[in-house]
Every structure is written in C-alpha cells, then in structure tokens.
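Enquirer: Next up is a structure, given as structure tokens.
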C-alpha cells in the first residue's frame, strides 16, 4: 500500500512539475512587441523613412522643429496605408515609424494589437474649439467640458472610443489561461481520496489483526477500555518495531552477501596471481 501511495504522489509531482515548466516556458518564449526605436530622438538619428498624415501639421513640425530632411518623410492618407507601410518597414519601401497626434494614434491602435506607441509624446499642445469673438457658446462649452472632466465622464468617453478593446480582450483571454492552484483541484482530489482509502485499509488491517490477537471480553468494565486502548497502541508500536527490524535484517543480509562476494573475488584474484607467477618460473 505504501508503494501505491508513493507512485500516486510521484505521478502528482510529475504533472505539477510538467505543467509549471510548460507555463514558465510559455511566459518566457511568448512573442512580445519589440522595436529598436526608443523615442523621437532615436527615430531622428536612425535615418529611416518616417510616415505622417497627409495634410496635417506633423510635416511642418518634423521639418522646422526637428530638422528632419524632407526626403525622409512619406505622406500617407489612410489607416490601411499606415499599417502596410509599418509592416513593410524601411527595407521594403515602408517606414520605420509613423508620427501623428495621440488621439488619432490611439484610435488607429485600438484594433491593431501587433503595433504600439514607442516613447513619450514630444509636444504638449492641446485640443481646442474655435468660436467667434464674444460668442456665448465659448463659455458654455468650457463649462460643459469642465463638468465632464470632474465627473469622470470625459475619461469614460475616451475609454469607450480610444481604448484598445481588441487588445484588452486578448489580454483578458491570456489572463484566464494562467496556471493557478485551482487548475490542479481534480488532481489533488484524486490523490487525497487515494491516500484516505489507503489509510482506511491500513487501519482496518491493523484493527483486524489486533482483534484476532486480543479478543474482546464480553463483559468489559469502563476502566478496562483505557487499558485496551493502551494495548492497541502498544500493538501498533510493536508492529512498527517488527517492520523496522525486518528492514534492518534485509539491509544487513544484503551487505553481508556483498561482503562475502568481495572476499570470494579477492581469493580468486590471489589464486590467479599465484598461477601466473608459477608459469613465469
């Protein structure tokens, strides 16, 4: 029974170890987004083509503020063109990066999880709405935007339209596939039931042997029950000592056999040496 339990627990340890190794390997070897560009500085120094939205102020900013040669700039006019140019890269006639306003970039990346924003924003210019001078709508618009910002509604609108919904669902899927303790619940239940069953059989066997060796008296006084319990514990301890003695005897017998075989081998080797020496004489 002990060997059966040992085999079961070895099987449990093997499955847990294999699952942990597979999960760790998946985490370490999972494809991650990597870009040699770290920000606008490395993009300027790379010398690679840079894409921009045709008709936007990005072209003038790149030329006048960042001093980038106009020959490096590639105008693009649709999200599909942005994606194709980025996937092709400079080696296939595409671009190394695309420079545009953050709102457009967030909307563009909301359904393209294989692309990402690199570095920090390099301009702090905000959005604005133009109204005629002394227009009452200017104050009302500013008040409405301020209220939306204070209540958190503005952030909710941002998350609804610009948050990466597809990428978030992909991350949630990966989150649900994580290896947790509950993943092995069935395995631990099976091993626990097997251990309980083995212990039940062991104690039933001990109890049967005890009753066979020490039959219960038909008229047992209450005080004798404690004595019988003491006898039972002594019986269990005695069986444990007998088992340990058997193991020691088997171990000593094996060592004696090994010692005897070594002695016989040495005697045979000495006889061989003597015969060889006589033949030489």
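Every residue gets a Cβ built from N, Cα and C, even glycine.
The feature signal peptide is assigned by TrEMBL to 1-21. Per TrEMBL, the feature domain 'Ionotropic glutamate receptor C-terminal' maps to 13-164. Summarising the annotation, TrEMBL assigns site 'Crucial to convey clamshell closure to channel opening' to 37. The feature site 'Interaction with the cone snail toxin Con-ikot-ikot' is assigned by TrEMBL to 147. Look at TrEMBL and you will find 184-208 tagged as transmembrane segment. Per TrEMBL, the feature region 'Disordered' maps to 246-281. What TrEMBL records for 254-271 is compositional bias 'Basic and acidic residues'.
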Enquirer: Looking only at the domain 'Ionotropic glutamate receptor C-terminal' (13-164), what is the mean pLDDT?
Expert: 83
Enquirer: Is the signal peptide (1-21) packed against any residues at least 6 beyond its ends, judged by a Cβ distance under 8 Å, and which are they?
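Expert: Sequence-distant neighbours of the signal peptide (1-21): 179, 183-184, 187-188, 191, 194-195, 198, 201-202.
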Enquirer: Counting only residues 6+ apart in the same chain, whose Cβ is under 8 Å from the Cβ of residue 147 (site 'Interaction with the cone snail toxin Con-ikot-ikot')?
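Expert: Same-chain residues close to residue 147 (site 'Interaction with the cone snail toxin Con-ikot-ikot') (Cβ under 8 Å, separated by 6 or more) are 153.
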Enquirer: Counting across all protein chains present, how many other Cβ atoms fall within 10 Å of the Cβ of residue 37 (site 'Crucial to convey clamshell closure to channel opening')?
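Expert: I get 15 for this one.
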